Amino acid sequence: MEWLWLFFLHPISFYQGAAFPFALLFNYLCIMDSFSTRARYLFLLTGGGALAVAAMGSYAVLVFTPAVCAVALLCSLAPQQVHRWTFCFQMSWQTLCHLGLHYTEYYLHEPPSVRFCITLSSLMLLTQRVTSLSLDICEGKVKAASGGFRSRSSLSEHVCKALPYFSYLLFFPALLGGSLCSFQRFQARVQGSSALHPRHSFWALSWRGLQILGLECLNVAVSRVVDAGAGLTDCQQFECIYVVWTTAGLFKLTYYSHWILDDSLLHAAGFGPELGQSPGEEGYVPDADIWTLERTHRISVFSRKWNQSTARWLRRLVFQHSRAWPLLQTFAFSAWWHGLHPGQVFGFVCWAVMVEADYLIHSFANEFIRSWPMRLFYRTLTWAHTQLIIAYIMLAVEVRSLSSLWLLCNSYNSVFPMVYCILLLLLAKRKHKCN
């Protein structure tokens with residue numbers, strides 16, 4: 001069972017596991033109605049601060065600083081201006097931190113500190129919460145702190161008004177991972193009584209534990225296959241397709257395990273899907289919809305379901321506000337948000353092109369393929385093609401060296417995205433003629 005210990009000794013998994021008892025304690029105290037709303041905000045904020053210091057060490061200041069600045073902007077700016085300024089500041093700060101990682105990896109050729117990598121991951125999640133909250137304020141979904149820091153209220157009153165914002169940005173169940181929780185859901189959970197029955201919560205968490213166990217068993221089996229076979233540097237021709245597919249499968253299994261663990265921590269604290277929702281409130285969106293991800297034959301569906309809460313956040317933040325080339329802008333911003341490593345830039349641009357091709361290809365197929373056997377054959381073929389393209393994109397995004405990216409581009413795996421590129425050009429030309 002050493003492999004199971006390796007999962008829980010993974011830096012983020014370890015700290016997420018350490019936070020579990022405190023998440024259960026918070027939920028229990030809410031069920032018992034044992035402490036006030038302000039005490040709940042303080043509990044979540046203090047837990048977030050302690051977890052940040054434990055996991056990140058001195059790098060925690062890189063998360064605390066933008067959180068404090070974001071709250072200052074949220075409380076001092078007019079609702080119409082708040083999103084522009086918070087977005088610019090947050091992405092500038094995150095980009096500077098990512099440049100530090102680039103300097104370490106590409107200039108010094110040194111492996112980055114594990115604590116620094118955890119900090120960057122947490123900072124990316126903080127960017128999601130900051131921009132989500134600023135958009136809510138800008139759109140009138142959340143009422144900004146009245147008066148803000150410009151009013152003549154005392155310091156203690158300012159702090160009390162800003163406490164929900166601080167707590168939301170740094171609350172410990174979502175500090176290191178987990179689906180994006182809107183400020184409305186967060187506030188409703190903290191201010192209301194828990195809708196989570198202890199027995200139901202126990203079975204839900206047990207089911208998630210079994211899922212993690214099963215995924216880790218698969219992870220071990222696939223990793224042994226990958227280790228026993230050739231790598232991307234020494235594979236030959238069609239063998240490279242198998243290498244990329246199995247390696248991408250290993251990445252996916254790892255993502256699924258960690259997403260379910262993150263989801264379990266949120267659920268243990270009472271922020272899971274069983275929470276009662278007020279009218280018009282956005283529901284809980286889990287990141288790991290494994291069933292849909294593994295059976296879909298459409299790249300566009302995979303894109304919407306992969307890391308689902310982040311996909312929705314990107315759609316709201318970029319896609320819905322883009323006037324020209326919204327799809328390309330969304331994936332380009334995703335590459336920026338992830339850190340602009342060469343593989344990420346290539347991978348996300350390729351992903352955008354594949355989604356655009358996917359729309360045209362399936363629209364054309366639905367128009368001309370009528371018989372049931374042909375539809376089944378078409379669905380099977382496009383499922384396999386989708387899985388191979390996703391594997392190609394995933395490896396491009398995950399590799400850090402230009403040499404590895406070059407090997408991937410020169411392998412037979414490049415045939416699959418090239419087929420979609422050719423079909424995109426042909427179908428786009430046909431669509432233009434029809435119009």
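Residue positions begin at 1 at the first shown residue.
Note: Cβ is positioned from N, Cα and C throughout, glycine not excepted.
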Original post:
With the domain names in Swiss-Prot as our guide, do Ser309 and Cys434 land on the same side of the membrane?
Top reply: yes
Subject >> Given ranges 241-261, 283-303, the stretch to which Swiss-Prot attaches the annotation transmembrane segment >> reply: 241-261
Original post:
Just the number: how many Å between the Cα atoms of Asn307 (active site) and His338 (active site)?
Top reply: 13
Subject >> Other parts of the chain folded back onto the topological domain 'Cytoplasmic' (77-82), taken as Cβ under 8 Å at six or more residues beyond its ends >> reply: 134, 137-138, 140, 144, 148
Original post:
Do at least three CB pairs under 8 A connect the transmembrane segment (41-56) and the transmembrane segment (341-357), leaving out pairs fewer than 6 apart in sequence?
Top reply: no
**OP:** Check the topological domain 'Lumenal' (102-120) for me and report the mean pLDDT.
**Re:** 92
Subject >> Largest tally of Cβ atoms lying within 10 Å of a Cβ, found at which of the active-site residues Asn307, His338 >> reply: Asn307
Subject >> Three-state composition of the topological domain 'Cytoplasmic' (77-82), taking helix and strand from DSSP >> reply: 4 helix, 0 strand, 2 coil
